[in-house]
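Engineer: Just passing along the structure, written as structure tokens.
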Amino acid sequence: YGIIRISPMLSPISMKLYYPFILLAMWGIIMTSSICLRQTDLKSLIAYSSVSHMGLVIAAALIQTPWSLAGSMTLMIAHGLTSSVLFCLANTNYERTHSRTMLLARGLQLILPLMTTWWLLANLMNMALPPTINLAGELLIIVSMFNWSATTIIMTGTGTLLTALYSLHVFLTTQRNKLPTNTSNIRPSQTREHLLMMLHLLPMLLLLMKPGLIMGPFT
């Protein structure tokens, strides 16, 4: 938000000064996404995922076009909800298994099938699959970055691919593997937990109906 507010005041003197920061943000997307692929700690993975998405937001906010600013606003709000629901889900796992290591909290679909549905929806939102609002934000950013410089499509495309890979990795590792021996006595999920997930996902679904609410005055 700070970049979006301050950048117009510094323009046009500082446009060339932005280039190193834009390149750093684009490179950061690939680096942090790659780090996500080798994480074993679930909460660290989600945190690095947020850093990766914010790389897109920073790059878009710096190039200062209406589409890029609308995309950065949309992705900030959409990923805020997505990241929050992923941390909530990670905490529900931790409360039951007392471990943040993914290999020690695997195969939970057998015990908590409804939680698996929430995990699937949260990971699909993190991957920016249609028709989520995350997709609108990422598309606006990727298209505006491509218009700014065609070579950025390589970095944004690689970042999108890596995001899909680690999101699927999280889901398959925590939900679909064989149940470890240390998770034999797990309490069932509670209504308050399902309500919490619903309160995260409901705004996302409602924003699909009217995305202009979070795109700001730029569109």
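Placed from the backbone N, Cα and C atoms, the Cβ positions cover glycine too.
Got these off TrEMBL a minute ago, pasting:
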- 1-163: domain 'NADH:quinone oxidoreductase/Mrp antiporter transmembrane' (DOMAIN)
- 17-38: transmembrane segment (TRANSMEM)
- 45-63: transmembrane segment (TRANSMEM)
- 69-91: transmembrane segment (TRANSMEM)
- 103-121: transmembrane segment (TRANSMEM)
- 141-174: transmembrane segment (TRANSMEM)
- 195-214: transmembrane segment (TRANSMEM)
Engineer: Near the transmembrane segment (195-214), which residues from the same chain, at least 6 beyond its ends, have a CB less than 8 A from one of its CBs?
Structural biologist: 73-74, 77-78, 81-82, 84-85, 88-89, 118, 121-122, 125, 131-133, 136
Engineer: Can you tell me which parts of the same chain pack against the transmembrane segment (69-91), counting only residues 6+ beyond its ends and a CB-CB cutoff under 8 A?
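Structural biologist: Contacts of the transmembrane segment (69-91) (Cβ under 8 Å, skipping residues fewer than 6 from its ends): 1, 4, 42-43, 46, 49-50, 53-54, 56-58, 60-61, 100, 115, 118-119, 122-123, 125-126, 132-134, 136-141, 144, 193, 196-197, 200-201, 203-204, 207, 211, 214-216, 218-219.
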Engineer: Short question: which residues 6 or more past the ends of the transmembrane segment (17-38) have a Cβ under 8 Å from it?
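Structural biologist: Residues packing against the transmembrane segment (17-38) from afar: 7, 45, 48-49, 51-52, 55-56, 58-59, 62-63, 145, 152, 155-156, 158-159, 162-163, 165-166, 169.
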